[in-house]
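So the structure is just underneath, and the comments pick up after that.
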Amino acid sequence: MALHFEILGRFNRARAAQLTLPHFVCQTPLFMPVGTQGTIKGLTNNELERIGCQIILGNTYHLALRPTSELLEEAGGLHNFMNWPRAMLTDSGGFQMVSLLHLADITEEGVTFQSPVDGKPMLLTPEESIQIQNRIGADIIMALDDVVKTTITGPRIEEAMYRTLRWIDRCIAAHKRPHDQNLFGIVQGGLDPELRDICVKGLVDRNLPGYAIGGLAGGEDKDSFWRVVAQCTAALPEDKPRYVMGVGYPLDIVVCSALGADMYDCVYPTRTARFGTALIPEGVLKLKHRAMADDTRPIDPTCPCMVCKNYTRAYIHCLVTKDAMGSQLLSYHNLYYMMRLSRNLHTSIVEGRFPKFVCDFLQTMFPKGDVPEWVCNAMEVAGIDISSCCAPFPSCQEKYSSDEIGTNDIHMELRLTHTSYRPTRNLEI
């Protein structure tokens, strides 16, 4: 294995670790910005290093189309091609089964996509996905999995889970660079606890360098979301990194970290920046709103980033409505926020003050005590007392203990709520 994972501190399920990869030594929990085709929109590599980015994510499907994996191999890998000295992770292309479903045909052999570039068919098999990722040269590569939306029910979920297990063996056999690239398996199974258990056991039996929890953040209710994370983290090995795919809301990251996850990725911080929205401790700030036009405060007075030090809300308001620089400045700030959140999670766990960090985080985001019930339930399972910032729910009588909840009964003991949850409050300050 081309990684070393050392736990430096923990609080119940939560853990802070040092993840040593071929190109960088990382501190977890960590958030990975998404650079689909070898670039994070709006930021230079120097800026990414400056804000503390440790790993960036590229996408096998898109990189294979343009600039092509052959060109990347000729250039010495994506690290050299884009001049990025730190760690990198490439997704397998499996997510495009969902996002480009109208262009995809899934069979046991693999996935045939219609190229959005020239319309030609492209067959992505487990072997081809790994071969492309071997050429790209990322520190962490992902197995091709059969991805379905968590909102889908019925036999398709079971079919996808078992196919994912069959495909992992094909990925392992095709992997030619195990000494400098780490192949992670992906746990599938939808919202079915039995299928998730089968998939976890099957992947763990193959003794992979790390494991991802896939198939979430796709429209499922938040109560189901956290319970799948809790079930999988409880069953995955203690000495391997755990990666929750597609998660980028700050609240979700805090909750998943409390439940024992280590790594996250999402386009959310940069995508929402391009729509004129900034991440702040209280939630989000919409800079396009006309109330921002004469607001001379920084985006976040507590943030030491370059944007908050040098620019006002009013200035950025002018830019986001007319100039690309506005989204660039907001992307910088939002990614700085995510890197700072990652550092604070790591430090608070190592220093033994993680419960206080969680309470402070929640009190700032929910000053009226209206913490969503799913968060309260998740923190109870994580063994973190948030009673000081979480108003009681009269209808919630059950009490849960973190050592009583295992990999199966977590789905049975908690009352399922279907209350919709908005991950961040839209503030008009």
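Count begins at 1; order follows the chain as displayed.
Cβ coordinates come from backbone N, Cα and C, glycine included.
Annotation comment: TrEMBL describes ASP91 as active site, proton acceptor.
Here TrEMBL flags ASP265 as active site, nucleophile. Applying an 8 A CB threshold to same-chain residues 6+ apart, the list for ASP265 (active site, nucleophile) reads PHE31, MET32, PRO33, VAL34, LEU57, LEU89, TYR243, MET245, GLY246, VAL247, GLY248.
Counted within 10 Å of its Cβ, the other Cβ atoms near GLN188 (substrate binding site) come to 30, all protein chains included. Marked as substrate binding site by TrEMBL: ASP91, SER92, GLY93, GLY94, PHE95, ASP145, GLN188, GLY215.
Per TrEMBL, the feature Zn(2+) binding site maps to CYS303, CYS305, CYS308, HIS333. Neighbour count (other Cβ atoms within 10 Å of the Cβ, all protein chains): 27 for HIS333 (Zn(2+) binding site).
Annotated domain 'tRNA-guanine(15) transglycosylase-like' per TrEMBL: 13-365, in sequence order.
Positions annotated as region 'RNA binding' by TrEMBL: 246-252 (among others). Counting residues of the region 'RNA binding' (246-252) by DSSP class, helix then strand then coil, yields 3 helix, 0 strand, 4 coil.
The DSSP breakdown of the region 'RNA binding' (270-274), given as helix, strand and coil counts, is 5 helix, 0 strand, 0 coil. Look at TrEMBL and you will find 270-274 (among others) tagged as region 'RNA binding'.
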Request  = Residue list, the region 'RNA binding' (246-252) vs rest of chain: Cβ under 8 Å, 6 or more residues beyond ends.
outcome  = 31, 95, 214, 216-218, 225, 264-269, 279, 337-338, 341, 365, 375, 423-424
Query = Between the binding-site residues CYS303, CYS305, CYS308, HIS333, which lies closest to SER92 (substrate binding site), Cα to Cα?
reply = HIS333
Inquiry  = Spatially, and counting Cα to Cα, which of the binding-site residues is closest to GLY94 (substrate binding site)? Options: CYS303, CYS308, HIS333.
reply    = HIS333
Request  = Would you kindly give the Cα-Cα distance separating ASP91 (active site, proton acceptor) and GLN188 (substrate binding site), rounded to the nearest Å?
outcome  = 15
